[in-house]
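Only one structure is covered here, and it is reproduced in the block below.
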Amino acid sequence: MEESSVTVGTIDVSYLPSSSEYSLGRCKHTSEDWVDCGFKPTFFRSATLKWKESLMSRKRPFVGRCCYSCTPQSWERFFNPSIPSLGLRNVIYINETHTRHRGWLARRLSYILFVQERDVHKGMFATSVTENVLSSSRVQEAIAEVAAELNPDGSAQQQSKAIQKVKRKARKILQEMVATVSPGMIRLTGWVLLKLFNSFFWNIQIHKGQLEMVKAATETNLPLLFLPVHRSHIDYLLLTFILFCHNIKAPYIASGNNLNIPVFSTLIHKLGGFFIRRRLDETPDGRKDILYRALLHGHVVELLRQQQFLEIFLEGTRSRSGKTSCARAGLLSVVVDTLSSNTIPDILVIPVGISYDRIIEGHYNGEQLGKPKKNESLWSVARGVIRMLRKNYGYVRVDFAQPFSLKEYLEGQSQKPVSAPLSLEQALLPAILPSRPNDVADEHQDLSSNESRNPADEAFRRRLIANLAEHILFTASKSCAIMSTHIVACLLLYRHRQGIHLSTLVEDFFVMKEEVLARDFDLGFSGNSEDVVMHAIQLLGNCVTITHTSRKDEFFITPSTTVPSVFELNFYSNGVLHVFIMEAIIACSIYAVLNKRCSGGSAGGLGNLISQEQLVRKAASLCYLLSNEGTISLPCQTFYQVCHETVGKFIQYGILTVAEQDDQEDVSPGLAEQQWDKKLPELNWRSDEEDEDSDFGEEQRDCYLKVSQSKEHQQFITFLQRLLGPLLEAYSSAAIFVHNFSGPVPESEYLQKLHRYLITRTERNVAVYAESATYCLVKNAVKMFKDIGVFKETKQKRVSVLELSSTFLPQCNRQKLLEYILSFVVL
C-alpha cells in the first residue's frame, strides 16, 4: 500500500534555500512581512522531513522569459538581472501604507483611498471608435457588397436605401461590440473586488519583477497584447484588477457573446469588455458574414491604432480539462494583419499564466459527463457570487511573461528556412500502417526549397499565425505556477490511487515539489509540506476521504472513486501534467519499444537494450498522436529534437544508461526496425538546420540504451506512464469503438455514442482509469481520428457528418490503429 517517494535519483542536487514569499501556515493578509497565525499540523513532522526541507529546498525559478531563438532582441529587452530577486506580492493585501495617508482613519478607509489614488482617467482610453470604424475603407466596401446582395438589380435610389439599411445594421452590431470604458466604474469595481477577493481568496500573488517588465513595456507607447490562459470566468476581472492596482490602464477584453446578458453586459462594457460571436459564420446559409468580419477587423485595428491594450483568450473558452487547450487564432490573425499592413509600428505580446488552488466554478463535471452547457444569465451570475462568498478558494497566482516584439517574431519567421510541417496523417500513417506505400510524404519531401516565405501567401500566413498562437500558449502554460491542489490530486490519482498514510503523502509531496522546481516551473505556494498538504486536502473537499488510523496522530487518505470525484481530481491533476508530459511520453515509448522487442523474440540481457534512435522516433510519433491535448512543445522545435533532449535527461537522471560497446555490437536491428528506419527519414521530424556536429549526429543515433532496474527508477517510470494512462485509454477505447462503425453518422451523434460507451466501461469497472471517460477526451480522440484520416468529414446542411475513409474501411487497418495505440498502454 505504501510506496517510497517519487524521485528520479541523480538529478542535480545543488539545492539552494528558497525565499519565504508566502506560506500556507501564515496569515492571509501579509505581504513582505509575515506573521505566524498559529496553525498547527495534525501530526508531528518526522526528523527526516525536517532535514530534507532545510537542506533540499530549491530556489524559485524565474518563469516567462521569451524565446531566444525566435525573439533574441526581445530576450534582452525589459529584463535585467535584478528582476528575479524582486519577489512576490499579495495584490489584495492593502492597508494605509499603500496610500498617501496615515492614521486610524486611513486604516479604516484604506481600500477607498487606494482606489481613489489609482491613475485612471478618460483620456487613457479610445475615443470615437464607432464612427472611425464605420468610415474605414474595409467596412465601407463590406457595406456596399452586402447592400448589392440585398438589392442586386435595383435602381440607384433602392441601392441607396439598401446601403442605409446595412449601415443601421452595422451600427447596431458596433453598439454590442464597442466598449465604453468608465474610469469611475473601474474604480468602483476595484473597491468591490478588493472586498470580494479578500472574502473568497486567501491571496492573489504576482511577481513584482514581472510587473516591472510590464510597466517598462507601457512606457514604449506601443499597444500591448495580453494573452492569458483561460481557466475561470474570474480571469476576465483578474487581469484588469491587477493592472489597475499597479497604475496600468485596463485592456479591452474580447468576451464571448454568451456573457452579453442584462446588467452584467453593461458592467463588462464599462470595464473594457467587448462582445464577439463565438462563430463568425452565422448567416442563415452558412456563408461568411463579411459585414461582421469587417466590423470586428475595423474595431481591433482602431483600438490598436489608438495604442490601446488588448486581452484575448486564445483558447476561446475556459478549459474543461485543467490542461491548456489548443489555440484558436481567429482574433490573433486580425492583430497580425494590422501589424503587417503597417498601420502601427509594433505590438508587444505578453503571455499570462493564471493558476488557482480551486476555480470558483469548482469543477466542470456536468459538461464532462456530457450534459449541455448551461447558458449564462443574471440569475446564474448572482447565484455564483453568493456561492463564492460561502467558500474559500485558496490561493491564486498570476504570472506575466516577458513582453516580446510581434514585429521581430514575424520578421524572424519569414526569414527562417523552415519546411512545411507534416500533417498528422502524413506523420502518423506510416507508423500505424507501415506496409502502406508512403506516397503522401514523398510528395512533400522537397517542399522546403519551393515553399513561399512571403507573408502575403495565404498558406504561409495561416501557418505563421498558428505557430505564433502555439508559441504564446506554450509560454503562458510554462508560466503557470503549480498549485498544492495540483500536486496532491496528481499523487492521489497516479501514485496512491488505493490510498496512503498522510505522513507518506507529505513525504511524496515534498519530493514532487522539488521535482517541479528542478524542471524550472514555479510553485504557487510555500511553507511546511504538511501544512500545504492539509490545505490542499481541505480544498479538494469530498474528492478525498480521510480516515483516522490506530496509529496516534496518523490519518489514511483515499481518493473518492465516484465518477464525478475522479473527474474533479483529474481536472486539478492536469495542472501539473505539462511539467512531466515529455518525460511521460518517453516512459510510454520505452514500454512500447521494449514490448515490441520482446514480442519480436529478443531474449536475455540484450532484450533490455533500446536503440536511442528508435526510442526517439517512437516518442515523436506519440507526440503527434497527443497533439490535440495541447501544445506539447514550442513550434520552433521539432518533436524529434524535444524527444531527443528528453532522452538525454533520462540518461542524466540515470534512468537510462548507455550500453557498453561490446553489448552494442551484439545488437542488430530486426527486419521490422530496418523497414521503419527506411521509411521515417523521409519525414521531416528533424530540423533542416541540424548539422553533423550537433547532438543529433550519427554517433548519437546509433547508440543503445539500458533501462535502470533500480526500484526507485522503475517506480518513477510507472508514475510517468500512469500520467498518460487516461489519455491512451480514451484513445484506445475510441479505436475499439471504430471497429463497429456504421456510417455516415452526424459527428454530434457519434460523439454521444462514443461517450456513452466510455461511461459504461467506467460504470462497469472495465476501465482502468475512470477519468478516461471525460467528454474532452472523447472530442479530442475523434478530432485526432479525423486528422489522421480515419474519418472523412463532410458538411450536410451545416451539419458535420463522419464516415470511414477508404484507408480504414478494411477491418485489418482499424485493428492496426488499435494495436498502435495499445503499444503505448501499460496494463
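Here the Cβ of each residue, glycine as well, is placed from N, Cα and C on the backbone.
Sequence annotations record features per position, and here Swiss-Prot assigns N6-acetyllysine to LYS779, LYS783 based on a large-scale study or a structure entry. Residues or ranges marked as region 'Important for mitochondrial localization' by Swiss-Prot: 80-120. According to Swiss-Prot, the motif 'HXXXXD motif' annotation covers 230-235. The topological domain 'Cytoplasmic' feature in Swiss-Prot is assigned to 1-87, 119-827; the stated evidence is similarity to another entry.
Counting only same-chain residues 6+ beyond the ends of the region 'Important for mitochondrial localization' (80-120), those with a CB under 8 A from a CB of the stretch are 19, 21-22, 29-32, 62, 183, 186-188, 190-191, 194-195, 197-198, 201, 203-210, 212-213, 241-242, 244-245, 247, 249-250. Applying an 8 A CB threshold to same-chain residues 6+ apart, the list for LYS783 (N6-acetyllysine) reads ASN628. Annotation for LYS779 (N6-acetyllysine): same-chain Cβ neighbours under 8 Å, separated by at least 6 residues, are LEU751.
Counting residues of the motif 'HXXXXD motif' (230-235) by DSSP class, helix then strand then coil, yields 1 helix, 0 strand, 5 coil. According to its DSSP assignment, LYS783 (N6-acetyllysine) is helical.
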